[in-house]
Amino acid sequence: MASLGLQLVGYVLGLLGLLGTVIAMLLPSWRTSSYVGASIVTAVGFSKGLWMECATHSTGITQCDIYSTMLGLPADIQAAQAMMVTSSAMSSLACIVSVVGMRCTVFFQESRAKDRVAVVGGVFFILGGLLGFIPVAWNLHGILRDFYSPLVPDSMKFEIGEALYLGIISSLFSLIAGIFLCFSCSPQGNRSNYYDAYQAQPLATRSSPRPGQAPKGKSEFNSYSLTGYV
């Protein structure tokens, strides 16, 4: 039997994961300028995202420019774009499928496949979380590698942006939501319920003797025993 509370918690986490993934995908702060070494005093700070890069001047003015070409971007940026878009689409599909399979909805209430639909929604959430976690972790690894590398100039080093933190949290929310939805349905509990219903059906339909009327088998035995001794 599906746990309604576990499904509700999983669905809310899935929605939060989807919202955070979309915001992290659009934010231009995956990488921010690092103020170390000779770059401590600088008039312009840069931040880069998947779709645009921004320059923040010392006067407080921020200018953002969308990338003029997508094919000219590095391969890791293109892969991150594709994975984040696919993750958002997968999580959106998971939200729709999970609504159909949740116990608190009116869809397929008498169908045995309702719990299976919820499990499918949970699998979509897990796939969406994995697709969102891979590009975030890859960019995080690249930032840390370049930051601690002595071969990279200080002016070319970046720090972790807010979008990466949001992406990690959102992907974890999607993964936890998928696990909750998958484990909220117990196949053993469903089999036992159907078995009990099947066993109880002939007992409920069995006719009971009327008041004052002896059972049929007992009356036949009594008549046989009386006639046998006459």
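Sequential numbering from 1, following the chain as shown.
Heads up, the Cβ atoms here are built off N, Cα and C, so glycines get one too.
As a whole-number mean, the pLDDT of the topological domain 'Cytoplasmic' (1-7) in this prediction is 71. Per Swiss-Prot, the feature topological domain 'Cytoplasmic' maps to 1-7 (among others).
Summarising the annotation, Swiss-Prot assigns transmembrane segment to 8-28 (among others) and lists sequence analysis as the type of evidence. Beyond the transmembrane segment (8-28), the same-chain residues lying 6 or more positions past its ends with a Cβ under 8 Å from any Cβ of the stretch are 47-54, 64, 84-85, 87-88, 91-92, 94-95, 98-99, 102, 104, 122, 125, 128-129, 132, 136, 161-164, 166-167, 169-181, 184.
What Swiss-Prot records for 29-81 (among others) is topological domain 'Extracellular'.
A C-beta separation below 8 Å, combined with a sequence spacing of at least six in one chain, links Cys64 (disulfide bond) to Pro28, Met52, Glu53, Cys54, Ala55. Mapped onto three states, the DSSP output places Cys64 (disulfide bond) in strand. Summarising the annotation, Swiss-Prot assigns disulfide bond to Cys54-Cys64.
What Swiss-Prot records for 82-102 (among others) is transmembrane segment, and it gives sequence analysis as the kind of evidence.
Under the heading topological domain 'Cytoplasmic', Swiss-Prot lists 103-116 (among others).
Annotated transmembrane segment per Swiss-Prot: 117-137 (among others), in sequence order. Beyond the transmembrane segment (117-137), the same-chain residues lying 6 or more positions past its ends with a Cβ under 8 Å from any Cβ of the stretch are 2, 7, 10, 14, 17-18, 21, 24, 76, 79-80, 83-84, 86-88, 90-91, 93-103, 108, 164, 167-168, 170-175, 177-182, 184-185.
The topological domain 'Extracellular' annotation in Swiss-Prot covers 138-162 (among others) and rests on sequence analysis.
Residues 6-7, 9-14, 16-21, 23-25, 27-30, 49, 84, 87, 91, 94, 98, 101, 118-119, 121-130, 132-133, 135-137, 139-140, 143 of the same chain sit 6 or more residues outside the transmembrane segment (163-183) yet have a Cβ under 8 Å from a Cβ within it. Sequence annotations record features per position, and here Swiss-Prot assigns transmembrane segment to 163-183 (among others) based on sequence analysis.
Positions annotated as topological domain 'Cytoplasmic' by Swiss-Prot: 184-230 (among others).
According to Swiss-Prot, the feature region 'Disordered' maps to 205-230.
Residues annotated as SUMO cross-link in Swiss-Prot: Lys218.
Taken from Swiss-Prot, the feature compositional bias 'Polar residues' applies to 220-230.
Within its own chain, the transmembrane segment (82-102) has Cβ neighbours under 8 Å at 2, 4, 7-8, 10-11, 14-15, 17-18, 21-22, 24-25, 50, 108, 114-122, 124-125, 127-129, 131-132, 134-135, 167, 171, 174, 177-178, 181, counting only residues six or more beyond its boundaries. If you look at the topological domain 'Extracellular' (138-162), the same-chain residues 6 or more away from its ends with a CB under 8 A from one of its CBs are 27, 29-34, 36-39, 47-49, 76, 79-80, 168. Counting residues of the topological domain 'Extracellular' (138-162) by DSSP class, helix then strand then coil, yields 14 helix, 3 strand, 8 coil.
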